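**Student:** Questions regarding the structure given below will be posed in turn.
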Amino acid sequence: MISPLLVLAIGTCLTNSLVPEKEKDPKYWRDQAQQTLKNALKLQKLNTNVAKNIIMFLGDGMGVSTVTAARILKGQLLRNPGEETRLEMDKFPFVALSKTYNTNAQVPDSAGTATAYLCGVKANEGTVGVSAATQRTQCNTTQGNEVTSILRWAKDAGKSVGIVTTTRVNHATPSAAYAHSADRDWYSDSEMPPEALSQGCKDIAYQLMHNVRDIEVIMGGGRKYMFPKNRTDVEYELDEKARGTRLDGLNLIDIWKSFKPRHKHSHYVWNRTELLTLDPYSVDYLLGLFEPGDMQYELNRNNTTDPSLTEMVEIAIKILSKNPKGFFLLVEGGRIDHGHHEGKAKQALHEAVEMDQAIGQAGAMTSLEDTLTVVTADHSHVFTFGGYTPRGNSIFGLAPMVSDTDKKPFTSILYGNGPGYKVVGGERENVSMVDYAHNNYQAQSAVPLRHETHGGEDVAVFAKGPMAHLLHGVHEQNYIPHVMAYAACIGANLDHCAWASSAGGPSPGPLFLLLALPALGILF
């Protein structure tokens, strides 16, 4: 057991040794603030260009505490104290807060929230791509209550579109971009009740291949939902859980291929080697399914079989950017959420750092002048870190004191509930007796649950590029796609755009006439 005095001594030592010399000089802080002020004053000149491209990064479960902890981790991975580090999303000039509740839930799930930030309509927990008139699991409440997403709006406007995720491609977040389902868990027809099948509802994997047939880029996990039941997986031949799940006998990969024009270059890949061998500039359609279910955590990733999120984003942008009318790309760091649900903060935070790297990659490949980038989360988690830790304390480390109640040490990171609740000999487990720095260590929680829950507080929205200033305060979550659509002159609200009346759109308006011309391919 670690001595309380030793813990305090270490904390004092860290406090004294990790204050950079420059930070002891008041001039450092004053100069920094003045430079920040100059940068802020430049924002008075708003970017009112039309957004040719839209990139939405969705950190599933990436609440504000996760953002802060990921910032510290990123810095510590670079051998810095960490707190002073800037994430790529920290550099975005406009920040807002999003109210995440579902129409029937104070603390939301990822399906109802995805419907909000992709379709512009708040919905019930557990439903995707439908209004709140649809009740979860009730297939017969679906018809007539479908709502379309910004991916569909972009496709209808002639843009290329893509979905990149570290979860299954038919998981809650990506599915709201193309599917209309009374239940987020209807991944394939084998997960659907007989009543829903008899009433004509289709599973989400089926809808991925049929609803929007010309999605240019789809990458993530979810192979098993595309193949007939018991079909052996190409990678995990001996794993029964990796086998195909479909009861209808369909091979959705073959169906995907059959929908693509013969003169176009379409590629299905299932591993990183195949993906990186492609010349993205000669690829018209790409379907990459790298795992039977969700993709591996970044810390566990096989560098041969599974690409990183950053690699997938880079290839997606290269493919999509060939369209002169621009593109919409949805990128989900989906396993942040899974790490938290399992109480594995180290997995969750490394997922967040990887997504931030992907944000930086996308920024390097696009321009602020014509690309609106939005980074946000669907919801938070009951994840926290505290305990008066000293500067530079490992984000996965101990607080510098023991509990004044049970006299045991505790980690800075804790959960309000979850699987980390452990009692040994009638008392709270002594964390000094376990490897709390292990990748799969489950941080202690106050309430025992098999799976940790979401949090209900607002989440951050970071924005840069054309019309990013419209994300500026506390908003309902469903406001977000309306801003993105407004910026790109797509969707229903086109009154400010200068579309030719012959194309069926509104007559040119004086305010955005010049602004819309680049989106139409007209340059000066």
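These residue numbers are counts, starting from 1, taken along the chain as shown.
Note that Cβ sites are derived from N, Cα and C of the backbone, with glycine treated the same way.
Look at TrEMBL and you will find 1-17 tagged as signal peptide. Positions annotated as Mg(2+) binding site by TrEMBL: Asp60, His171, Thr173, Glu332. The Zn(2+) binding site feature in TrEMBL is assigned to Asp60, Asp337, His341, Asp378, His379, His454. The active site, phosphoserine intermediate annotation in TrEMBL covers Ser110.
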**Student:** Other than Asp60, Asp337, His341, Asp378, His379, His454 themselves, what residues in this chain have Cβ atoms within 8 Å of the centroid of the Zn(2+) site's Cβ atoms?
**Tutor:** Gly61, Asp109, Ser110, Ile336, His340, Ala377, Ser380, His381
**Student:** Roughly how many Å lie between the Cα atoms of His454 (Zn(2+) binding site) and Ser110 (active site, phosphoserine intermediate), rounded to a whole value?
**Tutor:** 9
**Student:** Run through Asp337, His341, Asp378 for me and report the binding-site residues whose CA is within 10 Å of the CA of Asp60 (Mg(2+) binding site), in sequence order.
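**Tutor:** Cα within 10 Å of Asp60 (Mg(2+) binding site): Asp337, Asp378.
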**Student:** Closest of the recorded positions to His341 (Zn(2+) binding site), Cα to Cα, picking from Ser110, His171, Thr173, Glu332?
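**Tutor:** Nearest in space to His341 (Zn(2+) binding site), counting only the recorded positions, is Ser110.
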**Student:** CA-CA, which of the recorded positions Ser110, His171, Thr173, Glu332 lies nearest Asp378 (Zn(2+) binding site)?
**Tutor:** Ser110
**Student:** List only the single closest residue to His379 (Zn(2+) binding site), chosen from the recorded positions Ser110, His171, Thr173, Glu332 by CA-CA distance.
**Tutor:** Ser110
**Student:** How many Å lie between the Cα of Asp337 (Zn(2+) binding site) and the Cα of Ser110 (active site, phosphoserine intermediate)?
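**Tutor:** That comes out at 9 Å between the alpha carbons.
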**Student:** How big is the Cα-to-Cα gap, in Å, between Glu332 (Mg(2+) binding site) and Ser110 (active site, phosphoserine intermediate)?
**Tutor:** 12
**Student:** Counting other Cβ atoms within 10 Å of each residue's Cβ, which of the binding-site residues His171, His341 comes out lowest?
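**Tutor:** Least crowded of the binding-site residues His171, His341, by Cβ count within 10 Å, is His341.
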**Student:** Could you measure between Thr173 (Mg(2+) binding site) and Ser110 (active site, phosphoserine intermediate) for me? Cα positions, answer in whole angstrom.
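**Tutor:** Pair distance, Cα basis, whole Å: 6 Å.
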**Student:** Cα-Cα separation of Ser110 (active site, phosphoserine intermediate) and His171 (Mg(2+) binding site), in Å?
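**Tutor:** About 9 Å separate the Cα atoms of these two residues.
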